[in-house]
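**Student:** Can you read through this structure? Questions will come right after.
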């Protein structure tokens, strides 16, 4: 049954393959009313939508397909925030293998196709040369190509601020990069197009900086 979304500040999509509690609690600590659901009517009517995700792109996309949520998400017009794998799912495709339902063990995984960039693995040769392990796990710094004109998602966030990452795949720098980070190579720490935004890091695990970013999202209409 559809919930009355007027009473909720954020609807988190229950993708079936994500640990949703930490994201939910992070918003609730900011005073937000949060609904976690896979109900299509509730998602469509939401004020703001969060797309979380952990695991492989193939498994996550298979779950969205099984729940008949792909076209619905593609057509959303309210602010939408993808977190970690949720960010990667907003792109054209991921080169990450895994997910038999979409035959992603042998082929690139088709994603939601909303933000025109592609996901590939962090450069293992570069990481090895610099003595850096894969996955990229831990705190790292955000930078902005134009610090005087940051995206509203990063209002009040200073260049050089630390956020928490856990990932092996990344979006390259592009015209859709909102913030970047360096780990063996420069990559997109956040991407966006129109009402869709995604962050590769975990704002719910990124202390005060993460809370600022989630708070900025709550202000978006």
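Along the chain as shown, residues are numbered 1 onward.
Including glycine, each Cβ sits where the backbone N, Cα and C put it.
Okay, so Swiss-Prot annotates it like this:
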- 84: active site, nucleophile (ACT_SITE)
- 202: active site (ACT_SITE)
- 204: active site (ACT_SITE)
- 9-221: domain 'Glutamine amidotransferase type-1' (DOMAIN)
**Student:** Return the residues near residue 84 (active site, nucleophile), defined as same-chain residues 6+ apart in sequence whose C-beta is under 8 angstroms from its C-beta, sorted by sequence, else 'none'.
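**Tutor:** The list for residue 84 (active site, nucleophile) reads 52, 53, 54, 166, 167, 199, 200, 201, 202, given in order along the sequence.
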**Student:** Looking only at Cβ atoms, how many others are within 10 Å of the one on residue 204 (active site)?
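**Tutor:** Result for residue 204 (active site): 24 other Cβ atoms within 10 Å.
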**Student:** Calculate the per-residue pLDDT averaged over the domain 'Glutamine amidotransferase type-1' (9-221) and state the result as an integer.
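**Tutor:** Per the prediction, mean pLDDT sits at 94 for the domain 'Glutamine amidotransferase type-1' (9-221).
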